[in-house]
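Visitor: TrEMBL lists these features:
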- B:21-42: transmembrane segment (TRANSMEM)
- B:21-224: domain 'MacB-like periplasmic core' (DOMAIN)
- B:282-307: transmembrane segment (TRANSMEM)
- B:286-403: domain 'ABC3 transporter permease C-terminal' (DOMAIN)
- B:327-354: transmembrane segment (TRANSMEM)
- B:374-393: transmembrane segment (TRANSMEM)
Amino acid sequence: MIQIKELHKSYRMGSNHLHVLKGINLDIKEGEFVSIMGSSGSGKSTLLNIIGMLDEAEKGSYILDDVPIKNLSEKKAAIYRNKFLGFIFQSFNLINYKNAAENVALPLYYQGVPRKIRKEKSLYYLEKVGLADWAHHLPSELSGGQKQRVAIARALASEPKVLLADEPTGALDTKTSYEVMDFLQGINDEGKTILVVTHEPDIADMTKRIVMLKDGVIEEDKVVEQVRASQYV
Amino acid sequence: MFDLDRWREIFQTINKNKLRTLLAGFTVTLGILIFTILFGMGNGLKNTFYESFQDDAQNTIFIYPGFAKKPFKGFKENRRIEFKNEDLELLKEKFGDRIEYITARISDGVTVKYKSEYGNYTVRAVHPSHQYLEQTDIEKGRYINENDIKNDARVAVIGRLVEEDLFGRDNAVGKYFTLNKIVYRVIGVFSDIGSGDREERNIYTPVTTQQLIYKNTDKIDQINLSYNMSIGASGARRLSKDIEKLLKNKHNIAPSDQNGIYIESVIEDLEQTLQFANVLQIIVFFIGFGTLLAGVIGISNIMVYIVKERTKELGIRKALGAKPSAVIGMILQETVVITMIFGYIGLLIGNFILKSMGRKLEDWFITNPNVSQGIIIFATVTLVLAGLIAGYIPARRAAKVKPIVALRDE
Ligand SMILES: Nc1ncnc2c1ncn2[C@@H]1O[C@H](COP(=O)(O)OP(=O)(O)OP(=O)(O)O)[C@@H](O)[C@H]1O
Ligand SMILES: [Mg+2]
């Protein structure tokens, strides 16, 4: 699903040159559930953003679902993001004046899906995350966990190949974090490929593979015994 | 543009952000309001000019004698020039084919008395043609005719307001009254919409009658004529020149003497005045355009601010797959919609103010200020354009929003 070879990324800050990713090699197959770990500033988000086509690598190759991702125009990037990827963010990033259902329907709107189908799909995915009764509530009327579940429903609505989540539990308490992980595990069980950035070991243990970043390279890449979140909720 | 979903998106954003929208639209409303009022006033001014010329037929030429300022052919300077019946006859004879109507006019102030009522009015002694030249509307009875002229009849046609002043509720037609103690019979009552009150306080009598009363004189104060429309504006100018030449020659006035004879032509005055009015309206238009531009800049600035405020939202939309064109279209359309809505509000308020001012401003030479239907279509097109221009910069900014930057957690 994802093939990354010798990926480099650096940031220029005035005269300083910050080499963040120094040759990343990563292969992720369909249906995997991968967590990316590492200390703060190790480049986890940078890597995820490149995979999410929100940012571009300097050197190296990146192939997503057999499509080489290179020198994309903004338009192409938007289309690919819309088609291939679903995003989940630490701070939810819901649009505050749209209710839950409208937020979930937004990627479908940009896919050109007719309004009626958008409505059906958004309700379907809200139900999947257990929020059918909250469809017409604004984000401000939802708890943190509920907001993140709306965000998960939104990420799922466009039926992406890969879910990308940057610290999806970073803003949540432990119990709610496990609830969210429970959802993600359920989605992964259905075959969806998921990448999660986290620095919480217990969250990483709930995935199936942990990639450790350090000083811009992958220090460790191990398959782990998945801890089921359901036993904690 | 015709994407229903896009409209829904836009109306939702507008609806959910009323204060922001109000702020953005306010400058446009103000701009259009000022534009409408100024433009309407300009129109009002133009209407005043038009109306002041409706008084008389527009192909009228007025000829007055003056003072010859220069000595000529042995005649001394500062001679008073006077017209007589023969001058009028001469014009008829020489230029009959180019003249439509011609009349003499003698004006005098008289004391008019009917029973116990009396007042001071102007009497104009004229030929029947005067009716057409002055565009007098007979309300009752008749105007002066050729028989009255031939018989020196002591008859008078009085203005609507003269009848009102002196005869009250009575029908003046057929009644006898006195002009400077000489008895006349009222044969008609007229109104004159174009000229208004002053004209409607005038009295007309046959020119011959008046000349007889002034001790058998054949002098006349002024000759009014209208030319045949078929000769056109240039023909009219030529006719004026020919008349001037003929009369100057007859009265021994130096051809270069500007003061011997005055010839005024309505068409030329009208052209000049309308030119002035047009220039005025162009100035008004530019001032209005300036205010509109200020409105556009205002809304553009606020939209830039709004885009900045919505950076995060735009970043989310892009991350979810909004193409740059979709973002540009959204901001542009939003600006256009806001501009249109608030522009029309300005237009409506402006129109309302103009309507309610109506005739109150006539003292300031503004008659029936308004903006026409054409202007409203023009305004719509202008508003759409203004919205597009105003939206251009904010839309560009929106398109440049990088989702990765917008979504970075502060
Ligand atoms: N746009 C940018 N411009 C300059 N430097 C950047 C930019 N984005 C990231 N960096 C730097 O790159 C390094 C890696 O950042 P990144 O956000 O990938 O770290 P991270 O592993 O996600 O850290 P955290 O766990 O704190 O989220 C950091 O030192 C950061 O300061
Ligand atoms: Mg990070």
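Just so you know, glycine gets a Cβ as well, placed from its N, Cα and C.
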Visitor: Which sequence positions outside the transmembrane segment (B:21-42), separated from its termini by at least 6 residues, show Cβ-Cβ distances below 8 Å to it?
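Guide: Contacts with the transmembrane segment (B:21-42): 14, 280-281, 284-285, 287-289, 291-299, 302-303, 306, 335, 338-339, 341-347, 349-351, 353-354, 361, 366, 369-371, 375, 379, 383, 386.
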Visitor: Same chain, outside the transmembrane segment (B:327-354) by at least 6, Cβ under 8 Å from its Cβ: which residues?
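Guide: Contacts with the transmembrane segment (B:327-354): 1, 6-7, 9-11, 13-14, 21, 24-26, 28-37, 40-41, 44, 295-296, 299-300, 303, 307, 314, 317-318, 369-371, 376, 379-380, 383-384, 386-388, 390-392, 394-396, 398-399, 401.
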Visitor: Return the average pLDDT for the domain 'ABC3 transporter permease C-terminal' (B:286-403) as a whole number.
Guide: 82
